[in-house]
Amino acid sequence: MAKGGKSPKGKKITLNVAKNCIKITFDGRKRLDLSKMGITTFPKCILRLNEIDELDLSRNMIRKIPDSISKFQNLRWLDLHSNYIDKLPESIGQMTSLLFLNVSNNRLTTNGLPVELNQLKNIRTVNLGLNHLDSVPTTLGALKELHEVGLHDNLLTSIPAGISKLPKLKKLNVKRNPFPKPDESDMFVDSIKRLENLYLVEEKDLCSSCLQKCQQARDKLNKIRSMAPSAPRKAIFSNLVSPNSTAKESQEEWSV
């Protein structure tokens, strides 16, 4: 802590510095990488680079994200993990091109998540792990394109059934929350393994071609089951960044 109780000044990011931090990803996207630079205040100069596709401000000391972040209308990928953020701005709902949002390892509470998050209709991945959420934001239930959700290492005691009904949800991490029943998180994750429709009929009620298709599907399912490894299950959310408070490079330590 600096003299007088003030937070230490972080590295000053100028427009030229930011321009030099723009990288081209393997798929041709423009990524502005300002991670691990000791930044304490959101650098407003980067708003002039609103043509970028991806923004990485992770592993800094940022406390507040300004409303003006919505100027990044083309942004598809936003990584803010491992900062000191306790609230997201309402304007984040205007960033409708977002596909990926990582705000893990911050100081977010449920009240710090604006209802405007439900406007992110295209978002596929949201990581809210390692925060202070005591309930699941109801806004998540409106995000029908969600494939992956991280809620691990929070203060959750229950998960709304509506989350498991998200039509495209494939991966959910709710580990290390204070659920009343120790196995509740596993039971909830298992509920995502859904069947669109299930009908019980007898063989005599099926035509020969339908019966053949059912038998083929059954054989395929049995084959998949026989190939399943008997070893302990691996991380169901290991591809999302969720570092600890010291922002270590190795994410293996945080796999679940």
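Just so you know, glycine gets a Cβ as well, placed from its N, Cα and C.
In the repeat 'LRR 1' (28-49), helix, strand and coil residues by DSSP number 6 helix, 4 strand, 12 coil. The repeat 'LRR 1' annotation in Swiss-Prot covers 28-49.
If you average pLDDT over the repeat 'LRR 2' (51-72) in this model, you get 97. Summarising the annotation, Swiss-Prot assigns repeat 'LRR 2' to 51-72.
Feature annotation from Swiss-Prot assigns repeat 'LRR 3' to 74-95. Helix, strand and coil counts from DSSP across the repeat 'LRR 3' (74-95) read 5 helix, 3 strand, 14 coil.
Counting same-chain residues at least six beyond the ends of the repeat 'LRR 4' (97-118), those with a Cβ under 8 angstroms from any Cβ of the stretch are 58, 73-91, 124-137, 139-140, 142-143, 150, 240-245, 247. The repeat 'LRR 4' feature in Swiss-Prot is assigned to 97-118.
Swiss-Prot lists 122-144 with the feature repeat 'LRR 5'. Same-chain residues lying 6+ beyond the ends of the repeat 'LRR 5' (122-144) with a Cβ under 8 Å from its Cβ atoms: 81, 96-110, 113, 115-116, 150-160, 162-163, 165-168, 173, 237, 240-242, 244.
Residues annotated as repeat 'LRR 6' in Swiss-Prot: 145-167.
Summarising the annotation, Swiss-Prot assigns repeat 'LRR 7' to 168-189.
Sequence annotations record features per position, and here Swiss-Prot assigns repeat 'LRR 8' to 194-215.
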* Structure fact -> Sequence-distant contacts of the repeat 'LRR 2' (51-72), meaning Cβ under 8 Å and at least 6 residues beyond its ends, amount to 7, 10, 22, 25, 29-42, 44, 78-92, 94-95, 102, 241, 243, 247
* DSSP residue counts for the repeat 'LRR 2' (51-72), split into helix, strand and coil -> 5 helix, 3 strand, 14 coil
